[in-house]
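Q: Here it is, the structure in full.
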Amino acid sequence: MGRITEDLIRRNAEHNDCVIFSLEELSLHQQEIERLEHIDKWCRDLKILYLQNNLIGKIENVSKLKKLEYLNLALNNIEKIENLEGCEGLTKLDLTVNFIGELSSVKTLQGNIHLKELFLMGNPCADFDGYRQFVLATLQQLKWLDGKEIERSERIRALQNFAAVEQKIREQEKAYCLKRAKDKEEAQRKLKEEENKSKMERNHTGSDGHWYTDISTPLSPSEDSKGYIQAPETQEGQCKEKKLDDREDDLEFWNKPSLYTPESRLETLRHMEKQRRDQERLSEKKKKVKPPRMLVTEDGRALNVNEPKLDFTLKDDEKRNQIVLDLAVYRYMDTSLIDVDVQPTYVRVMVKGKPFQLVLPAEVKPDSSFAKRSQTTGHLVVCMPK
């Protein structure tokens, strides 16, 4: 699941040279964020905040954003309007397609005197009989509701019938809350069942994902031999069977009927996360382990190898009776990452674990050889007396 971190905000603040304390606009949509946190400490100057299409379940930690003008929390898991009293400059609030059933919680916005636009369509409360009249009478500073302009005559009628509408809204809220409580109980029951199922699966599988039988069960000699001979086939069959089971579980998950609730949204995301993790594990297993580079043949002949792909020169210094290798290692590379091995017929240099090996044109004295780094170029120079 995603979390709001300083690094995440900086990555989304390129338009402000990655400086976050003076940010005026921030977009964190579609990040699988479950909790609204830290923003009020790190980005006090925000005017526009986009958080749509996440998994945020509660409005919190935004009360210190005094300059905030537009807050977009559409397509989240919010069930109640709260904790926005401190957002003194708020003019537009988008809560489209959430799970707000407590319509009376709009009263918390009465102190936001600059609020002109509010979006609540797609929430359970928007289906309440008297929904629009209740909001219009409660929030008299509003100019637009769900993209529709509020006319003066419409507000007057809403205020005149407010007592009856409020009573009606209270009754519908109560019925919704009872239904929501049952949905939560059902979600908890399902979650517990899934946890028990996962525990049982873990108890029957090893760390490598293969299924094992109880080792205390004795086998007859014939069964034991048979099992030993067919072990690879059995193991392969078990893997195929497990893949088939996973595919069936996936089909069952997507085909089973489900209510549209905050819990079902979380369940769907966690199922997709599990699929992604399983796929990554499968991909890792499929990756072939790269065999080590052959440096010496079976008959003892050294090979020329340049795995780090470095430029080099090899000179025969007849005046000093030595062979000089100039290897263009990276200028700022730490010398501790370089290892030199001189043999009578070849020289080997390990650069960050990658081998560079060169067969020499004449035999050299390993004990008298030495290596040094150039202070100007960083090149490695190996001097090898003949």
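Backbone N, Cα and C define each Cβ position, glycine as well.
In TrEMBL, annotation is done automatically, which means it is predicted and not curated.
Since the structure is predicted, the reported quantities are computational estimates derived from the model, not experimental observations.
Straight from TrEMBL, here's the annotation block:
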COMPBIAS  188-207  compositional bias 'Basic and acidic residues'
DOMAIN    128-146  domain 'U2A'/phosphoprotein 32 family A C-terminal'
REGION    188-242  region 'Disordered'
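Provide an account of the burial state, proximal residues and distances for the features listed.
A: Averaged across the domain 'U2A'/phosphoprotein 32 family A C-terminal' (128-146), the predicted model reaches a pLDDT of 96.
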Q: By DSSP, what is the split of the domain 'U2A'/phosphoprotein 32 family A C-terminal' (128-146) into helix, strand and coil residues?
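A: Counting residues by DSSP class gives 8 helix, 2 strand, 9 coil.
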